[in-house]
Structures are given as structure tokens and as C-alpha cells.
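In TrEMBL this protein carries:
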type	residues	note
REGION	1-241	region 'Methylthioribulose-1-phosphate dehydratase'
DOMAIN	30-233	domain 'Class II aldolase/adducin N-terminal'
BINDING	Cys113	substrate 1 binding site
BINDING	His131, His133, His206	Zn(2+) binding site
ACT_SITE	Glu156	active site, proton donor/acceptor
REGION	283-522	region 'Enolase-phosphatase E1'
BINDING	Asp286, Glu288, Asp481	Mg(2+) binding site
BINDING	Ser421, Ser422, Lys455	substrate 2 binding site
Amino acid sequence: MAAIGLNGVKVGTTSSQAYLEGKAVKETRALMAELCRHFYTLGWVTGTGGSISMKVHDDSIPKPQQLILMAPSGVQKERMEPEDMYVLSHSGSVLSAPSPKPWPHKPPKCSDCDPLFKKAYEMRDAAAVFHSHGIESCLVTMINPLSKEFRITHMEMIKGIKGHGYYDELVVPIIENTAYEYQLTESFAKAIEDYPKATAVLVRNHGVFVWGDSWISAKTQSECYHYLFDAALKLHQMGLDWSTPNHGPIQSARRGLSIAGESNVSVKARKSNGDSDPFPRCVVLDIEGTTTPISFVSEVLFPYARDNVGRHLSLTYDTPETKADIKLLCSQVQSDLEQGIAGAVPIPPDDAGKEEVVAALVANVNAMIKADRKITALKELQGHIWRTGYENNELEGIVFDDVPEALEKWHTLGIKVYIYSSGSRLAQRLIFGKTNHGDLRKYLSGFFDTTVGNKRETRSYVEISESLGVDKPSDILFVTDVYQEATAAKAAGLEVIISIRPGNGPLPDNHGFKTIKSFSEI
């Protein structure tokens, strides 16, 4: 029989008095009090600021239905006791509230962060959410008052953030502060929606919210975020740029650097007539036909994926990664069938057996590869197949000989370099992580793939410009071998150069773009 909650509504057994006084709830209460004391020593919840919320872990209850505990608002966090926590149902109704304490304590009140915590639970299936007022999380948002993001790369502690590695660029959205925390709810939810990889949101002049799929994950990530914020502040004080791979001097290309015998002059790109233009702030590079021979993709990577797709799907069929790949492929194939795309064949249901499903998937993938389709479903699967090839030393990325030298030069100048390719970000990292010139990822600040948009659509380049946070799109130089991509990027306001490499396709007459045969010409 269902128990009656404090609001008089029948709810599940988790709201029964016996459950509320049971081991799981008691242990979560005690853990939250312990964490609050610890966070106080770190400076995250001083002056009654900051807050904490956790779900009551119980294997017998589905995560979405688990109880939620929240710390009260406006109290000395380091002095809280387990019984001071609020207990809420999964829908947010209060099941247990702390008893009032004598003067000078204020009457108990649930955390002002309540609606923000709930958004993290609803939108990210979080198990714990921490809100810190740590000074690092406040000051790091003030370095650039106009920036909508905090970015950092090539720092060891990035590995402590879910879904990130040392070479990745960590991006944390920044939202503007309001007088009351509940007023942040809309912009907080928008940031979560716009940054699906993020596990934190910064609030300017305020602090940070961090969540995880367990309290340990949330705590670990919170510590890593604060470390990275502190590192950025210290690097800024030293005049070094935390957002570039080499952490060189901030805007060194504009402040003056000695290169090739030019002492203390602004670094310029020399034109043939003797005039000069400043270097771009960012360079975005295509891969196929720009950094890498087309033949490597068409004669090495594509055949490897085609020849190994059946084996890969069969061996990894029940893994979460391959299940996600198959789901994407099934969705794409269904769309292809509806549109009458050549080569698309129906994929049987799961109960038809693994062999029949794999055979149908292989037929569709081979047709997609033959047509050189630039679709996410195919690119994700190819990246996973190629990863095995690189791990088994069956594949090695190829780049033109002038590429490493150019990457190193731009790296030294503090110019950020990004990759934008129709291949998945994983595939991009694999190519540059193991090349005929070694690991080149140390020179790269980030990777864009078709999840940002089709490479022949102007909107994709607008999205990239907004993501990179440049003052104007023309601060970005895009290098590609494809005329249609060049046209789309130019329409978005980017500077564009077309790469002429052996094996590249012909360009239209009077195309109007500057061309190069080597990166040394840039």
C-alpha cells in the first residue's frame, strides 16, 4: 500500500516514515554533512554560500525515482548536522524538513539552488550536484567580462573531467549572474542544453555548479575544475595563455615576438608587395586534401573500414558503444529508405538474430562508404573501426611534410589551431595522434565534425566562429581544398585559403580565392 507524503498525496514507498528513517537516507544525510565540512575547508561554502544536493542511492529503486536530499539555505555549512538536510521526493515535494533551531539561527529554508539542482537531475540524469562559491570559480569568469565560455587545454587535470583527455579542449559555459539564484534557472537550463558535453556551468562573479553520475564523480570533477580555474588565473598573472596547447604568452602574435631575426616587432604575414597583415587569431584546417593526401583516406582508411566493418560489429555487438552506433545507423537507414537513397536496405529487428542484423548493416555501410557520404552515423562507426587499426599498429596517419613545421610555428606564435572535418572527432584525433611525423595533437586546440553542421553550409562556420569566441569571424583563417566549403566559410565572414595538393579535384575558373601548395606559403 502506498504511503501518504507530507503534502497529503499518495506516493511510493520511498516516502514512508520507515524508509525516511532507514539506512540509505541516514547515510546520505551523514555524507552530505561531512562533505559540507570538507568543502568549507576548501573555501567553497564559506559565509553560508554554496550548496549541495545528492540523490539517495538505492539499487532497488530506479534512479529517476530516487529521493533527493538538499542542504538548507543561509546556514553555516561547516556546522550542519545530518538531520539539517531536506528530503524531497523525485518530483520535488518536501517529505522531510529540518526542525527550527533557537535564536540566532534563522528558520530553516530549502536551498535557493533547488530549481537549478532539479534541472541537472532532469536534463543530465545526475546523482549529485555541488554549488561552489570558491574564489577561483568567481574570478576566472572576470578575466574576460564578455566571454561566454571558459576554455583550457593540455593540462593533466582535464583528464578528471568526464569525457575529456589531456589533448582535449575543456569548454565550460558561463552564464550571467542574477540577484537571486532561482532566477538563473532558465539560462542554466539553456547552457546545459547548448553544451551537451559539459558537466559544469560557471556563473559570472558568483561561482560554479558541477554535477556527476555519483557523488564521487561530482566531487572529483569539482576538485579538477577548481584546480583548472586556479591554474588559469595563475597563468594569466604570468602573462601566459591557458587556452592554447603550449600555454605561451597571451596574444604573443600581437604583443611582439622575435622570429627569423625580426626583433620586437609585431609578427606579420608578409605580402609579396611588402605590405603586411596580422596573423589570424585562429586557424581551422580541413584534413582530406589539405593536411593529408586524399589517397590516404580513399585508399587506406575507407578500405580498412569497409573490410573490417563486419568483424567489428560482430565482435562488439553487445557493447554500449556499438549499440549506440547501430542505433544511429538504423535511424539513418530508415531516413534513406524513406527518401529512396540508392544502396539502402532494410535492417531486420533484433529478434531476427545478430548475423542477419550485422549483414544488413554491412550492406548499408558499404553503400555509404562507396558514395562517400558525409553523415554522422557512418563517421562515428568508422572512427571506432579505425581506432582498433591504430591500436593494433595496422594504421598510421599521413600528413604532408610541410604540416608539422607550420603547426609548430603557429603553436609558438600562440595561434590556436583547430580541425574541421567530416570525419568524427575521434577519427581526427587518431589521424593526428599517430602520424608519419609523430604525435601532432599537442599543436591542436580542438576538433569539429559534422555534429556542428555540414561543411558546405554557412551556418556551420557561424557556429564555429561563435564557439571559438573570436571578436569577429575574420579573425579565423579556414584552409580547405573544396570550393563549396570555401564559399560557405567566406559567406560566414571567415578568411579562406584553398589548398592545392596532389590528387585534389579541379577548381572552377575565376573562383576568387587565394591558393597555396604548401602551408609554408601561409
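Every residue, even glycine, has its Cβ placed from backbone N, Cα and C.
Inclusion criterion for the recorded positions Cys113, His133, Glu156, Ser421, Ser422, Lys455: a C-alpha placed within 10 angstroms of the C-alpha of Glu288 (Mg(2+) binding site); this criterion is met by Ser421, Ser422. Closest in space to Asp286 (Mg(2+) binding site), of the recorded positions given as Cys113, Glu156, Lys455, is Lys455, taking the CA atom of each residue.
Counted within 10 Å of its Cβ, the other Cβ atoms near Asp286 (Mg(2+) binding site) come to 23, all protein chains included. When pLDDT values are averaged over the region 'Methylthioribulose-1-phosphate dehydratase' (1-241), the model yields 91. When the C-alpha distances from His133 (Zn(2+) binding site) to the binding-site residues Cys113, Ser421, Ser422, Lys455, Asp481 are tabulated, the minimum falls on Cys113. Cβ neighbour count for Glu156 (active site, proton donor/acceptor): 11 (other Cβ atoms within 10 Å of its Cβ, all protein chains included).
A straight line from the CA of His131 (Zn(2+) binding site) to the CA of Lys455 (substrate 2 binding site) spans 38 Å. Compute the center of the Cβ atoms of Asp286, Glu288, Asp481, which mark the site for Mg(2+); besides them, the chain residues with Cβ within 8 Å of that center are Ile287, Gly289, Thr290, Thr291, Thr292, Ile294, Ser421, Thr480, Val482, Glu485, Ser499, Asn504. Cα spacing between Ser422 (substrate 2 binding site) and His206 (Zn(2+) binding site): 39 Å, rounded to the nearest whole number. Note: the Zn(2+) site is recorded as His131, His133, His206; in the same chain, Gly49, Gly50, Ser51, Ser132, Gly134, Ser137, Cys138, Glu181, Val203, Gly207, Val208, Phe209 also have Cβ atoms within 8 Å of that site's Cβ centroid. Within 10 Å of the C-beta of Ser422 (substrate 2 binding site) there are 23 other C-beta atoms, taking all protein chains into account.
In sequence order, Asp286, Ile287, Glu288, Lys374, Tyr420, Gly423, Asp449, Thr450, Glu485 are the same-chain residues whose CB sits within 8 A of the CB centroid of Ser421, Ser422, Lys455, the residues recorded for substrate 2 being left out. Of the binding-site residues His131, His206, His131 has the largest number of other Cβ atoms within 10 Å of its own Cβ.
With His206 (Zn(2+) binding site) as the anchor, the candidate recorded positions are Cys113, Glu156, Ser421, Lys455, Asp481, and the one with the nearest CA is Cys113. Annotated pair Asp481 (Mg(2+) binding site) and Cys113 (substrate 1 binding site), C-alpha to C-alpha distance, rounded: 50 Å.
Cα spacing between Lys455 (substrate 2 binding site) and the residue listed as 'substrate 1 binding site': 40 Å, rounded to the nearest whole number.
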